[in-house]
Amino acid sequence: MGSRGCSCWLLSLALLCSLAAAKEQYHEFVIRETTVKRLCKSQSIMTVNGQFPGPTLEIKEGDSLIINLINRGRYNVTLHWHGVRQMRTGWSDGPEYVTQCPVRPGQSYRYRFTVAAQEGTLWWHAHSSWLRATVYGALLIRPRDGTSYPFHVQPTRELAPILLGEWWDMNPVDVVRAATRTGAAPNISDALTVNAQPGDLYSCSSHDTAFFPVTSGETNLLRFINAALNTELFVSLAGHNMTVVAADASYTKPYTTSLLLLAPGQTTDVLVTFDQPPGRYYLAARAYASAQGVPFDNTTTTAIFDYGAANNASSAAIAMPTLPAYNDTTAATAFTTNLRGLRKAELPSRVDESLFFTVGVGLFNCTNATAQQCGGPNGTRFAASINNVSFVLPSSTSILQAHHHGAPGGVFTADFPASPPVQFDYTAQNVSRALWQPVPGTKVYKLKYGSAVQVVLQGTNIFAGENHPIHLHGYDFYILAEGLGNFDAGADTAKFNMEDPPMRNTVGVPVNGWAVIRFVADNPGVWLMHCHLDVHITWGLAMAFLVDDGVGELQSLEAPPPDLPLC
């Protein structure tokens, strides 16, 4: 056999072995009400399989998942597999009325997808109303058999995933419905949580504080997920440094720090060497609150890391870390700007679509509404927008279904603006009231398959400037740069990191600042881009990209599954 024939045979054998190694997992996720006790009172919440947080899914790169969602709850629901690329499988992405109609009580739907070319920590959550306050869990993707993590130090073991969340003393769905009805801001959460437990600093909570046994001298892998609805979080472990090795299931150059920042939706993997005197150490998390004058949950959640020493009496003092001030933007910026991709970026040499998106909060005037519907400042209703378009979900069918059937009429329009309709000093202290009111609409921006897309995300100071965690479904993207103030194409383009920018699926657009992302539109379908502060997506801070099919089956959206829910 010639060398060329041998090479082809070996390549085919390698491909077959790769396919053989991949597995398919089947899980049933039953949505149902479960009674739990937090902050001294019992409450009925929505859960998956009665678990809070929900089940952890553990797979290897290349594996496929079939999740049979059975809705035995009282609300419509969908599930989103946050950060999963969903190549050609947009029907399984999950945001209600964007890629599917919701699964109604008594109905079911099977999500089917393969997790390819992704390793690390992702997660899943409800994508209907505010159900994700209690319907969420981890998705852990390990390297295939025969490969290892590309870390400078291999961990002795992995600890259980650390899911950070928020807790309300009332039904979160009632919280958002009341706010939608009145036009006012929703109630803030009553507690922050680690693995659904508030921790020692809250009433009636110390007995169930999240607990992590560790062994002196070991280096462990810790996986953090910010599943909170509306709160960005500073996180620190007393007495220990953490070396960041991945973010949003993309590997990073090792970065050692005592402080993490996670926006809602983001994940961070770290290595920690437990080399301190035997004892107990608090992991603590509290808010990074970047908006001036806006109420926020100012409590602190804790978990305990325990060396298990024989002389470690339970009454001994537990070391507490020092966390930054709530509004410490300098600390937040220092963390995000120190992240670098592990390898040289595969950036496109050209940009086909250069977009400029303003993101921010605004207000609707209340000319034809009652006083009870106008609970915002000065008799208004809160709103939010991208490029002055406040996103409205359809109700008769999903955007993806309407697109697939060639019937967008009455569902969406393909005229989302590539730039804001009015240019102004986006981060000025006194933005004109004439710019405060967005226009409601269900608009998408069309992209050709394979086009290279660059988006400048510009924060605005309309009403109140704030750090906005912007999440893009169906894609990872490179973060080329971020900065404060208004983006200046002439000066700021020179700051782009074209060598090793971090790759993520959720980027924090700095308060009164900007971030620039770039990706290739190689995944056909309809893909939501939105602020992952749920209060803001509720107000309309979202848009969607419609990516056309390419050439042939492998560049085209799969056919809709037969059990796709009806509206």
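Glycine is treated like the rest: Cβ placed from N, Cα and C.
What you see is a predicted model, and the numbers here were worked out from it, not measured in a lab.
Per Swiss-Prot, the Cu cation 3 site holds H127, H473; the candidate it also names there, chosen from H530, H536, is H530.
Sequence-distant contacts of C531 (Cu cation 4 binding site), defined by Cβ-Cβ distance under 8 angstroms and a gap of at least six in the same chain, are V359, A384, H468, P469, I470, H471, I537, L541, A542. Annotated Cu cation 3 site H127, H473, H530; additional same-chain residues within 8 Å of its Cβ mean position, judged by their own Cβ, are H80, D93, G94, P95, V98, H471, L528, M529, I537, A542.
Taking Cβ-Cβ distances under 8 Å and a sequence separation of 6 or more, the neighbours of H530 (Cu cation 3 binding site) in its chain are F391, I470, H471, H536, I537, L541, A542, M543. Sparsest Cβ environment among the glycosylation sites N241, N327, N365, N388, N430 (other Cβ atoms counted within 10 Å): N430. DSSP classifies N368 (N-linked glycosylation site) as coil under the three-state reduction. There are 17 other Cβ atoms within 10 Å of the Cβ belonging to N187 (N-linked glycosylation site). Within the same chain, the residues at least 6 positions away from H125 (Cu cation 2 binding site) whose Cβ sits under 8 Å from its Cβ are L79, H80, H82, R132, V135, Y136, G137, A227, listed in sequence order. Here the candidates are the binding-site residues H127, H473, H532. The one whose C-alpha lies nearest to that of N187 (N-linked glycosylation site) is H532.
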